[in-house]
Amino acid sequence: MLAGKVPVGSAVPPRNTAPSGKGSKVLVVNAGSSSIKFKIFTAETLLPGAAGLFDRIGDPANCVLKASVPDDGGKPKKFEKKIPAKDHLTAMQDIMSFIDENVSSTFASEVCAVGHRIVHGLDMSQPKLLTPDVIRCIQDASMFAPLHNPPHLQGIYASQKVFGPDVPQVAVFDTAFHQTMPPESYVYGLPYDMYEKHKIRRYGFHGTSHKYLVDQAAAMLGKKVSETNVITCHLGNGSSVAAVRGGQCVDTSMGMTPLEGLLMGTRCGDIDPAVVLHIQNQLGLSASETDTLLNKKSGLLGLTGSNDLRTVIEGAGKGEPRSQLGLDMFVRRVRKYIGAYMAMLDGQVDAVVFSAGIGENSALVRGLICDRMQALGIAVDKDANAAAVGGKQADISGPGARIRALVIPTDEELSIAQQTLQVVRGAALAA
Ligand code: ADP
């Protein structure tokens with residue numbers, strides 16, 4: 001869908017002034033094309049509460065709400081319920097009814113703010129209270145994130161309708177953290193008009209995660225964020241690396257869209273752009289078929305038949321050459337970026353941080369990435385690396401390492417809740 005063509009729902013119109021935002025709970029919403037993920041946090045302590053996923057919205061026969069609600073002892077109680085939600089608004093209303101029945105019957109009045117994950121925010125460098133201008137920006141950015149931003153807007157309209165104008169809603173952009181990149185990092189080598197007139201530039205993604213990792217790494221290193229230089233590796237189904245100097249992003253591997261950079265589960269990452277022209281001109285694929293090929297059929301999936309690195313590792317273990325190639329390519333691309341970012345940061349790096357599904361769980365991949373990097377100051381302790389699984393922070397640096405190697409589980413929802421509260425409290429102070 002093109003920019004400006006996103007249907008503006010019959011939502012409560014966003015206001016320009018800060019709403020009151022009283023209450024003790026923050027609701028984090030991540031709306032996709034056929035799903036809404038949610039998580040509740042206590043505002044004061046930022047402790048997580050109930051969380052869930054409403055999946056297959058718009059497919060009433062298969063629509064299901066899965067949730068986890070901590071009991072009085074903090075043990076998670078699991079729920080799974082088929083609810084026929086025809087659109088995001090009915091799904092949001094059903095989520096509220098579920099919370100009403102299973103968490104707190106006064107929840108709606110306890111919510112002090114709603115934070116929305118937004119994939120693309122163009123040049124927005126901070127999370128923003130939702131105003132007509134911010135909504136317009138999310139609409140405009142849909143041209144670069146056609147699968148993400150329009151459903152985010154549906155989530156926004158639905159929760160505005162459910163909560164009304166007095167609960168402040170905040171947009172937290174995946175692109176915002178990367179706005180500190182200098183032009184030499186974000187401008188493409190295209191005619192300058194492409195940037196000036198058409199906003200074609202590198203934006204970067206996973207910013208909420210990279211920001212969280214930088215804050216956590218600074219705490220682990222006992223440094224101020226503003227004095228922390230790190231290379232953060234968010235390695236999941238989608239993967240990206242960021243170079244961070246003094247707490248600020250100076251470069252990142254994803255570009256105008258999340259397609260650029262590392263080899264990913266289903267995305268090709270960096271390729272010669274002429275490959276795209278060749279595929280279209282010589283092999284006859286349409287623009288949309290090429291888009292599907294590069295975003296959904298490439299990467300580990302295209303090379304090995306599986307987008308799941310666990311399956312790829314298993315295949316490599318059995319001697320399957322394509323699985324070995326996929327694993328080697330994944331590792332090589334991360335090493336290439338780490339090496340490039342070491343140079344970009346003048347070798348002044350405090351730590352390399354590993355996170356997300358692969359970075360948090362695969363000692364094998366972390367070990368392969370850091371192998372033979374002693375000359376760069378990176379060394380990993382074998383036992384500490386092997387023990388660093390299961391969602392805990394760990395320093396896996398080996399003896400003689402000049403640069404720490406850290407494993408830090410990411411928590412994008414917590415980061416969104418934190419940023420949402422900062423915006424709402426800032427707006428309240430300014431009012
Ligand atoms: P995303 O949020 O981008 O969908 P995640 O961060 O949840 O992805 O990461 C999912 C990926 O993590 C899976 O595709 C899988 O390849 C990988 N993964 C999870 N555990 C392991 C493991 N123990 N070893 C290797 N890869 C793993």
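Using N, Cα and C of the backbone, Cβ positions are placed for all residues, glycine too.
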Per TrEMBL, the range holding region 'Disordered', considering 1-23, 277-299, 300-322, 392-414: 1-23
Distance-selected recorded positions near ligand 1 (C-beta under 6 Å), from HIS206, LEU235, ARG267, ARG310, ILE358, GLU360: ARG310, ILE358
Sequence-distant neighbours of LEU235 (ATP binding site) in its chain (C-beta under 8 A, six or more apart): LEU262, VAL334, PHE354, SER355, ALA356, GLY357, ILE358, GLY359, VAL365
ASN30, ASP174, ARG267 screened against HIS206 (site 'Transition state stabilizer'), Cα within 10 Å - retained recorded positions: ASP174
ARG310 (ATP binding site) versus recorded positions ASN30, ARG117, ASP174, ARG267, GLU412 - nearest by Cα: ARG267
